[in-house]
Amino acid sequence: MNPSVAVVASLSGVVKRYGALTALDGLDLMLHRGELLALLGPNGAGKSTAISLLLGLIRADAGRVELFGQDPQAIDARRRIGVMLQSAFLPSTLTVSELLRLTMSYYPAPRSLAESAEMAGVSDLLSRRYAALSGGQQRRVQFALALCGRPELLFLDEPTVGMDIDARQKLWAAIRRLTAEGCAVVLTTHYLEEAEALAQRVVVLGKGRVLSQGSVDELRAHVAVTRIRCISDLDVHALAQWPHISRAERDGTHLLLHSDAPERVLRRLLDADPLLSELEVRRAGLVEAFTELTRESAAEKEAA
Amino acid sequence: MSVTAIATVPYQGMTSRRLLAAYAMEARSECLRYFRAPGFLLPVTLFPTMFYLLFGIVMNHNADANTARYLLASYGVFGVMSPGLFGFGVSLAMERENGLLTLKRAMPMPPGAYLLGKMVMAMLAAAIVMLLLLALGIGLAHVQLGVSQALVFIVTGMLGVLPFCALGMLVGTLVKGQGAPGVINLIYLPMSFLSGLWIPLSALPQALQRIAPIWPSAHLQQLALGSLGMGQSPAWPHLLVLLAYGVGFFLLAARRLRRVG
């Protein structure tokens, strides 16, 4: 990692307990300028706690939390961030432009109303009351409020919940545009394809610690599984005995193989059945990697 | 603006002009928001005016000039308590539950703007209630008032709402969400009765008369009576008591808000 890249926020050795429950257990996390970091993990992994600490909503029991080199509760630090929370209620009798103007007033050098609305795709909703909007439209308004202050760091907590595919694609495009401008983004999401599509770096949390971090590709590599699918009448039981095949199944005319060395398996497979057809080879996605990682951590816990 | 602004422009602090504008914007939004919500404005304004009309005017239609004044002052206090208690208490309790307060705390809203906005809103609502009651009092109960007396009466209401804002805020930090209106009513209605806002204190049992000075509303009633030229004692002790209540409730509430959120 390039040490000259500016750190915009960090958690170091952070511990946070709620009574007997340890939500964060010595968490280290760094956010760099212009980087999109996806924070993943099963429920209760500590994602919300980490975000709440960075936003200055709660205090750590131990360790250090910094936002632009300051305490996150310092308002000057928070003037450089934008926030979109997961459960966000906004005053229902105000119009979209009133909500935007109010939020813009909190920042030293906000975007214009028109620019903010355009970036979030709410230009046509400005005169509507918030209560009259659909769930997806409300989410877009919340996104507009998050970006209107020209933030250098944007917190997006499950931003696309309740959005249709089209709205989601537009939001992704807007997020990419923000990161291209140098804005760092912290994204938590349940949609792994969202992290796959956007994130430069993925951090997987489990039980209040970092289970794994790296690029999407690095995370995928953690699960060295490739799926091979084809039509062939080779015997499944014989295939299961081949080296580098961890699983072999038959699904009607199709064969499904899992391998950690697909090139070798494929060469042998094509030799063994010259009539083989409809070949598909696919690497494990983030979904498989994520499932694998969090399953390991659960198993570890049971063993302990 | 160019799209490269973030990377090149170093961070600059808020100018004091922008900061002031943020406070004003917060207050404006809070007022607009509640005055557009019939569920807030109608009970807060209609409840005291209806009470005054029925019990202060219709039931006392033969009242002499002093009784009419006394009733106007008492119902004025009753009317002013509700925007403070409900505007602050219920909205704070709701917003602690629905996440708006969390979002506001995460955003760089200037310190205290949230509470100041609600205060301005409650003061305006109090002014509206006082105006409505004045109109009824002068129009139907034939209360004779000079312009300056009417103005002092309104200002008494607008400032008198503040200790009740602080009390509402304290309740709002103790109760979350839907439970708040019930708790507020449990304070609002008995306190109104016990401080002689519905039935004059002199008609209440001795024991209740003796404990009446506990209630902030009893002190505000004395100030309201004073503003209508019916003061029985100097104003400053009542002012001090209300100030002490206001500051005390506020400090307790602020401490709890900081600790619990």
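Here, residue 1 is simply the first one shown, and the rest follow in order.
Glycine too: its Cβ is placed from the backbone N, Cα and C atoms.
Keep in mind it's a predicted model, so treat the numbers as computed, not measured.
Residues or ranges marked as domain 'ABC transmembrane type-2' by TrEMBL: B:35-260.
Residues 34, 71-72, 74-75, 78-79, 82-83, 86-87, 91, 125, 128-129, 132-133, 136-137, 140-141, 198 of the same chain sit 6 or more residues outside the transmembrane segment (B:40-58) yet have a Cβ under 8 Å from a Cβ within it. What TrEMBL records for B:40-58 (among others) is transmembrane segment.
Residues or ranges marked as transmembrane segment in TrEMBL: B:70-94 (among others). Residues 34, 40, 43-45, 47-49, 51-52, 55-57, 60, 63, 100-101, 118-119, 121-122, 125-126, 129-130, 132-134, 137, 141, 143, 153, 156-157, 160-173, 175-177, 179-181, 183-184, 187-188, 191-192, 195-198, 200, 217, 220-221, 224-225, 227-228, 230 of the same chain lie 6+ residues outside the transmembrane segment (B:70-94) yet bring a C-beta within less than 8 angstroms of a C-beta in it.
Taken from TrEMBL, the feature transmembrane segment applies to B:115-138 (among others).
Annotation source TrEMBL lists transmembrane segment at B:150-171 (among others).
Residues annotated as transmembrane segment in TrEMBL: B:183-201 (among others). Only residues 6 or more beyond the boundaries of the transmembrane segment (B:183-201), in the same chain, are considered here, and those with a CB under 8 A from a CB of the stretch are 51, 55, 70, 74-75, 77-78, 81-82, 85-86, 89-90, 167-168, 171, 174-175, 208-209, 211-212, 215-218, 221.
Within its own chain, the transmembrane segment (B:235-254) is flanked in space by residues 160, 162-163, 165-167, 169-170, 172-173, 213, 216, 219-220, 222-223, 226, which lie at least six positions past its ends and keep a Cβ under 8 Å from the stretch. Under the heading transmembrane segment, TrEMBL lists B:235-254 (among others).
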Surrounding residues of the transmembrane segment (B:150-171) on its own chain - C-beta under 8 Å, 6+ positions past either end: 73, 76-77, 79-81, 83-90, 92-93, 115, 118-119, 122-123, 125-127, 129-131, 134, 138, 180, 183-184, 187, 216-217, 220, 223-224, 227-228, 242-243, 245-250, 252-253, 256-257
